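As written in TrEMBL, here are the features:
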ACT_SITE  C95  active site, nucleophile
ACT_SITE  H193  active site
BINDING   R129  substrate binding site
DOMAIN    9-199  domain 'CobB/CobQ-like glutamine amidotransferase'
Amino acid sequence: MPSDSVLRLVWIYPDLLSTYGDQGNVLVLEQRARRRGIPVETLHVRSADPVPESGDIYLIGGGEDRPQILAAQRLRRDGGLHRAIGRGAAMLAVCAGYQIMGSVFGGEEGQPVEGIGLLDIASGRGTGRAVGELVAETDPALGVPTLTGFENHMGVTRLGPGVRPLSRTVVGTGNGDGTEGCYAGKVIGTYLHGPALARTPGLADLLLTWATGTQLGPIDDVWFERLRQERLAATLPRT
Ligand code: GLN
């Protein structure tokens, strides 16, 4: 992104995948960019509309099984997100949105549904629903503190060699194999709602750094940090 230009955020399919408050991730990115003096423009793309290719950061959220299937079909047909990621845009995909990014995920009867193949992951149905608070230690290579959030999903996700786990679960289920989420290039997938970026603003700053190509200065995070510490204290087992 050139230094004098606007940061373009694209919120994909609010009419299908906006069940769990993940739109808060968009608000956090907007706010943290503006506090650094970076002008921001946000586009909400409904599922009847084409996904623009010119965005800098794409966001997609969680939702129920049927809208998830519809979203996968429309994104595959549209192709705009593929082209955007192909030219180096960043992305945060949450829960249903995360599963869609893979090759396959479980539909409402557990049937395999084709994903859009942007991440080397495959999801199916677990034996029970994973519901509750989650704490996970982030991959140290990312320089992001411990993640917190809540999860609410049936899906389990297997990571292929083309992605790295975003984190290792301390409390909660995540992918279902001791890891939580994944990343490859500038694309992050996670099961964390919360919204995730309000719970862990370091993750928001990672996306902003990737998108702007610049190191961001620190900002006053006292309220974010208070929330993070409160959630950690409430979720971690007492020793
Ligand atoms: N329908 C998916 C599942 O249950 C995703 C749910 C969600 O987005 N929270 O696994």
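Placed from the backbone N, Cα and C atoms, the Cβ positions cover glycine too.
Where the annotation comes from TrEMBL, it is an automatic prediction and has not been curated.
Ligand 1 lies under 6 Å from the Cβ of C95, out of the recorded positions C95, R129, H193. Across the structure, R129 (substrate binding site) and the residue listed as 'active site, nucleophile' are spaced 13 Å apart at their Cα atoms. Taking all protein chains in view, 28 other C-beta atoms sit within 10 angstroms of the C-beta of C95 (active site, nucleophile).
Its Cβ taken as reference, R129 (substrate binding site) is surrounded by 13 other Cβ atoms within 10 Å in the chains shown. The local packing around H193 (active site), expressed as other Cβ atoms within 10 Å of its Cβ over all shown chains, amounts to 23. For the recorded site, C95 (active site, nucleophile), the DSSP three-state label reads coil.
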